[in-house]
Amino acid sequence: MTINALLLSSSRVGDTPYLSHALPFIKPLTANAQKWIFIPYAGVSMSYDTYLASVVAGLSELRLDISGIHQHPDPRQAIKDADGILIGGGNTFHLLHELYKYDLVHLIREEVQNGKPYIGWSAGSNVSGLSIRTTNDMPIIEPPSFTALNIVPFQLNPHYSNYRAPGHNGETRAQRLLEFTRVDPITPVVGIVEGSALWRQGDTLSLLGDNPAYLFCGEQQEIPIPVGSDLSHLLK
């Protein structure tokens, strides 16, 4: 079996309805997967039931059977029984903390490596990389480790933007990622702009959407990656 993973930058683009822009990207992963488990652990400011309802509504036209992992007495068994895994956005630190709490990190990695489709957005994309060291989120809770799912062997930065508000004196996103590459100059970081996604199919990795992505690695800083690019070399 081969990895089939879709890593979305965000759940929305601008004012579009929830997950609507992503439906064309998501649909191919559902061709042979009807029963999906949704992991809402990144959702800190809403109930898990509310979060689940939003996802079910957003993906309704795909006619999937989606349940929340919080509805199952045995989270590990729920993942094993599902045809596919969905992980939503929110706070990446809380998400990874809960994945470790319920002993799901290695299980999810194993299931995805064995061919179970994976779809993540925002925090759900953050945890698909080597670690969560390039998330934008506030560290509101401390997971046992920053080591993540390693579905792709590099770092991700969803919601990438290098906008600086006039008069604002804080660091830009590019400056923050430069800091990472100074500490770890050999690990690539891919900044994914809202509306775009990475799709891994086995040993192939491609950039989907309407916006370029940006690569940071060592002395290479904010290198544009054109839409449709083959990024398979990042998997080696």
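Note that Cβ sites are derived from N, Cα and C of the backbone, with glycine treated the same way.
Quick look at what Swiss-Prot annotates:
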- SER122: active site, charge relay system (ACT_SITE)
- ASP137: active site, charge relay system (ACT_SITE)
- HIS159: active site, charge relay system (ACT_SITE)
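In sequence order, LEU8, SER9, SER10, SER11, ALA42, GLY88, GLY89, GLY90, PRO158, HIS159 constitute the residues six or more apart from SER122 (active site, charge relay system) in its chain with CB-CB distances below 8 Å. DSSP assigns ASP137 (active site, charge relay system) to coil in the three-state reduction, outside any helix or strand. The 10 Å shell around the Cβ of HIS159 (active site, charge relay system) contains 18 further Cβ atoms across the protein chains shown. Remark: ASP137 (active site, charge relay system) has ASN91, THR92, PHE93, ALA123, ASN126 as non-local neighbours, by Cβ distance under 8 Å and separation of at least 6 in sequence.
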